[in-house]
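Trainee: Below you will find the structure I want to go over with you.
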Amino acid sequence: MKIAIAGASGRMGQMLIDTVLRTPGVTLAAALDRAGSDAVGQDAGARLGKATGVIVTDDLRTGLSQADVLIDFTRPEATLAHLEIARELGVGVVIGTTGFTAEQKASFKDYGATIGVVWAPNMSVGVNATFKLIEVAAKILAQGYDVEIVEAHHKHKIDAPSGTALKMGEIVAEAQGTTLAERAVYAREGETGPRMNGTIGFATVRGGDIVGDHTVLFVGEGERIEITHRSNSRQSYAEGAVRAACFLAGKKGLFDMNDVLGL
């Protein structure tokens, strides 16, 4: 399996490159970065202290032509542009980017008609196991429990709430026969009045180098249940993304991490 990495100079890009280099059965075929990046022209492993023989390039088409699958943790506009070229070249895409609009996410199905696409707001195996626990809890605690979701990330994250937090909200809503759009409350300030029954509240924390913390609270009278996942490094995201890339071998269609993990 030949893998290309988008955003090669970023924190996640570097973790992905390192993970590909350490994973049997896969090779680093291309390392891609934006035009003007200091990394362009350097060995993809230079910042890791490893010589890979793969030079970082801003020529997306040439880079993708050497790969079977692209792993993309960049920004929505960049990812959509990458998808267009990947479709032309028949290259599968693993999308870890978050912050897409509902319309942009809906377009992934069109790409899946031609190439294999895995999109998930979080590639971590542990997070996806947490999703299952939340689904079970939401069904059991559908009556008499208020739901609040609290997430925390590093100060550089540009979207809020996180894609993972939104996915958690969707899971709760769907497990209880509703939609997140009907129930979500994204901000509270000033005199808000009593909490509205049936809402799903979100709280966002941004600071320092927090990799990613997510907690779903089911709060009843006299008790509360908290389901928490904490990421100590981006390694789990990278390993899940490489696993997803391997899953796409020979496949067309739109998939998520449930498909990759067989959940």
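The backbone N, Cα and C atoms fix where each Cβ goes, and this holds for glycine too.
What Swiss-Prot records for this protein is below:
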type	residues	note
ACT_SITE	His153	active site, proton donor/acceptor
ACT_SITE	Lys157	active site, proton donor
BINDING	Gly7, Ala8, Ser9, Gly10, Arg11, Met12, Asp33, Gly96, Thr97, Thr98, Ala120, Pro121, Asn122, Met123	NAD(+) binding site
BINDING	Arg34	NADP(+) binding site
BINDING	His154, Gly163, Thr164	(S)-2,3,4,5-tetrahydrodipicolinate binding site
Trainee: Just to verify: the residue among Ser9, Asn122, Thr164 with the fewest other Cβ atoms within 10 Å, which of the binding-site residues is it?
Mentor: Ser9
Trainee: Applying the rule Cβ within 8 Å of the centroid of the Cβ atoms of His154, Gly163, Thr164, what extra residues of the same chain belong around the (S)-2,3,4,5-tetrahydrodipicolinate site?
Mentor: Thr98, Pro121, Asn122, Glu151, His153, Lys157, Asp159, Ser162, Ala165, Gly212, His214
Trainee: Using Cα-Cα distances with a 10 Å cut-off, which of the recorded positions Arg34, His154, Lys157 are near Ser9 (NAD(+) binding site)?
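Mentor: Close recorded positions: Arg34.
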Trainee: Nearest to Asn122 (NAD(+) binding site) in three-dimensional space, by Cα, is which of the recorded positions Arg34, His153, His154, Lys157, Gly163?
Mentor: Gly163
Trainee: Please name which of the recorded positions listed here, Gly7, Asp33, Arg34, Thr97, Lys157, is nearest in space to Gly163 ((S)-2,3,4,5-tetrahydrodipicolinate binding site), Cα against Cα.
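Mentor: Given the candidates Gly7, Asp33, Arg34, Thr97, Lys157, the nearest one is Thr97.
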Trainee: Using a Cβ-Cβ cut-off under 8 angstroms and a sequence gap of six or more, which residues of the chain neighbour His153 (active site, proton donor/acceptor)?
Mentor: Ser162, Val205, Arg206, Ile210, Val211, Gly212, Asp213
Trainee: Which has the fewest other Cβ atoms within 10 Å: Gly7, Gly163, the binding-site residues listed?
Mentor: Gly163
Trainee: Tell me which of the binding-site residues Gly7, Arg11, His154 ends up closest to the residue listed as 'NADP(+) binding site' in space, Cα to Cα.
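Mentor: That would be Gly7, nearest by Cα distance.
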Trainee: Arg34, Thr97, Ala120: which of these binding-site residues has the highest Cβ count within 10 Å of its own Cβ?
Mentor: Ala120
Trainee: Would you mind sorting out which of Gly7, Arg11, Asp33, Thr97, Ala120, Lys157 (the recorded positions) have a C-alpha within 10 A of the one on Thr164 ((S)-2,3,4,5-tetrahydrodipicolinate binding site)?
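Mentor: Final answer, ordered: Ala120.
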